[in-house]
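Colleague: Dropping the structure in here first, questions after.
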Amino acid sequence: MEIDIKKIANMFDHTRLAPDATLAEIEKLCNEAKQYGFFSVCVNPYFIEAAKKFLSGSNVLVCTVIGFPLGQNTIETKVFETKDCVAKGAHEIDMVINISKLKEGDVDYCVNEINEIKKACNGALLKVIVETCLLTPKEKELAAQIVLKSNADYIKTSTGFSTAGATFEDIEIFKKVVGNNKLIKAAGGIKTTDDLLKMISLGANRIGTSRGVELIEGLKNK
């Protein structure tokens, strides 16, 4: 199989969301993203402005997270966070859905929450994290149906801060429900180039990982 490394690198959100991340680490993240041609860097809101500065003059976008990592904030809080992040220069917002409401089957609440946040995005792209490791297969299907009904751009598997990351089953279920109507981001736990390539073949459009450099270097040796 012919592997287009440049194309795959441009599917990566190069991620550093650890609570102890330092400014020097964010600068390194941004430099790697420029060097490898990653699509974006994903950083906590505090580092949006620094990342914008480090990426100045490049095509790499800034992605951030809201309601992260538990999703348990009120809609009003998530909307405020979103507006603040967009004002500070974020191009993409990865929100965590209210997982309690999702598991209760409250579709109206979840769709409304996503749509209120999308309005606050003011044109920024919105990805909805549903934390698949906490969901049954039926709940994963429901999560995908909710995102399909909403104005979000992407459904995303995981925060990387819960019990597990993306699985092949997650991507298969999402793809079956959303088809080509929404995009899919696989995040967390993608450790090998084989996992990476399988996620993409199953329908992942974007990859969230802190191992971007390692994975691309691995592809070069394939």
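Glycine too: its Cβ is placed from the backbone N, Cα and C atoms.
Pasting the feature list from Swiss-Prot:
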ACT_SITE  D94  active site, proton donor/acceptor
ACT_SITE  K156  active site, schiff-base intermediate with acetaldehyde
ACT_SITE  K185  active site, proton donor/acceptor
Colleague: Reported as an integer number of Å, what is the Cα distance between D94 (active site, proton donor/acceptor) and K185 (active site, proton donor/acceptor)?
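Modeller: Cα-Cα, rounded: 10 Å.
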Colleague: Per 10 Å Cβ neighbour count, which of the active-site residues K156, K185 ranks highest?
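Modeller: The residue with the densest Cβ neighbourhood is K156.
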Colleague: Which number gives the other C-beta atoms within 10 angstroms of the C-beta of D94 (active site, proton donor/acceptor), all protein chains shown included?
Modeller: 28
Colleague: Provide, as an integer number of angstrom, the distance between the C-alpha atoms of K185 (active site, proton donor/acceptor) and K156 (active site, schiff-base intermediate with acetaldehyde).
Modeller: 5
